[in-house]
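To keep things clear, I will list the structure first and then write my remarks on it.
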Amino acid sequence: MTTLGTPYSPHATKVMLLGSGELGKEVLIALQRLGVETIAVDRYENAPGQQVAHHARTITMSDPAQLKALIEAEKPDLVVPEIEAIATPMLEELEAAGVVTVIPTARAARLTMDREGIRRLAAETLGLATSPYRFCDSQQELQAAIDGTDGQPAIGFPCVVKPVMSSSGKGQSKLDGPDDVAKAWDYAMAGGRVSHGRVIVEGFIDFDYEITQLTVRAKGADGQVQTHFCDPIGHIQQSGDYVESWQPHPMHPAALQKSRDIAKAVTDDLGGLGLFGVELFVKGEQVWFSEVSPRPHDTGLVTLATQWQSEFELHARAILGLPVDASLRNPGASAVIYGGQDAEGLVFDGVDEALAVPGTDLRLFGKPESFVKRRMGVALARAQDVEQARTNAKLAAGKVKPRKP
């Protein structure tokens, strides 16, 4: 039996989120609906999740001393990483000492904090199909990996270069020829977060489409961990950042089964409880592993319109040891609303027109500062079929006009 407490009481169930952006905000809301006392942590004040949490804390989460001091002061029952740029060795230390439980595990947080740990796990430990890849510490090493002059098979062109640690496509670029190498290296160095000076270069896979397979590890009625799969989510990315997603994405049954087999292999190894976003490339019946996030995924925002329990509710329930329902309610789609400018305190025109589009909803994230390509909101649409939902979501998103006041 799972027992939950009352916020602000001595018996409160306390959950701390490390990272409080738009995804964390929805997780916090889902936790609060279950009576959980929430602590939203971020690197800047008034982050979206901090606006709705019981407590807001601002620290440098990649600083081990600051992270340790905060966890020891707040004494949460669970620590839930929502971003990559965290001092994960400190989380491992605190978890090993029995100070706190990390979701899904501190090891999973460390392995997925950058592209190297999880790629080596998937390809080298689990033997899963991935694109050909190499890790490089200099522009010279990058050039050698592409050319094959490092004694290994050439990655060749086209290829994709990404910082070992970055998010939302920052620092990622596609290279079509030798003239792109220097630009790609410089762009990756500018876009990386913590592990400066190291990139992954991947051979380009000629895939038909890419999906996110949301995978949930949750306790069943017998107390044992069970794996649940949401319907596959299709999405379109531009420069590594999602701009549109929809659910369900039609797949060949064999490809769907392979996708779920891969997702289960990775999430079983990472362990713990919670929702994972497993990214996969698909061509016909072939499936390649790309990446995994041990937390709700940005493309999964569509589940706010499509599932009985959104990815955020699934995550909240799973980490609390509660049963989950990952089934689809109806087809739907999401479309991103960008800030379109560098400014603080934007206002949004056209909200009424957007919500007049049939079957639509909006999430405006409340980010205090906008950039040209910063995701400031998302339009959601549900419909009888995916194509209509995609049309309506894009139409609604286009009617929202962010501007300076």
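Residue 1 is the first one shown; counting continues down the chain.
The backbone N, Cα and C atoms fix where each Cβ goes, and this holds for glycine too.
Marked as N(1)-(5-phospho-beta-D-ribosyl)glycinamide binding site by Swiss-Prot on the basis of sequence analysis: Glu22, Leu23, Glu82, Asp298, Lys367, Arg374, Arg375. When secondary structure is read from DSSP and collapsed to three states, Asp298 (N(1)-(5-phospho-beta-D-ribosyl)glycinamide binding site) falls in the helix class.
Residues annotated as ATP binding site in Swiss-Prot: Arg115, Lys162, Ser167, Ser168, Gly169, Lys170, Gly171, Gln172, Glu202, Gly203, Phe204, Ile205, Glu210. A C-beta separation below 8 Å, combined with a sequence spacing of at least six in one chain, links Glu202 (ATP binding site) to Ser131, Pro132, Tyr133, Ile155, Cys159, Val160, Val161, Lys162.
The domain 'ATP-grasp' annotation in Swiss-Prot covers 120-320, and the record cites sequence analysis as its basis.
The Cβ of Glu279 (Mg(2+) binding site) lies under 8 Å from the Cβ of Glu210, Ile211, Thr212, Gln213, Phe289, Ser290, Glu291, Val292, His297, each of these being in the same chain and 6 or more residues away along the sequence. Marked as Mg(2+) binding site by Swiss-Prot on the basis of sequence analysis: Glu279, Glu291.
Counting in whole angstrom, Arg375 (N(1)-(5-phospho-beta-D-ribosyl)glycinamide binding site) lies 16 from Gly171 (ATP binding site) by their C-alpha atoms.
The two recorded residues, Phe204 (ATP binding site) and Asp298 (N(1)-(5-phospho-beta-D-ribosyl)glycinamide binding site), show a Cα separation of 23 Å.
Counting Cβ atoms from all protein chains shown, Gly171 (ATP binding site) has 25 others lying within 10 Å of its own Cβ. Other C-beta atoms found within 10 angstroms of the C-beta of Arg115 (ATP binding site) number 23, with every protein chain shown included.
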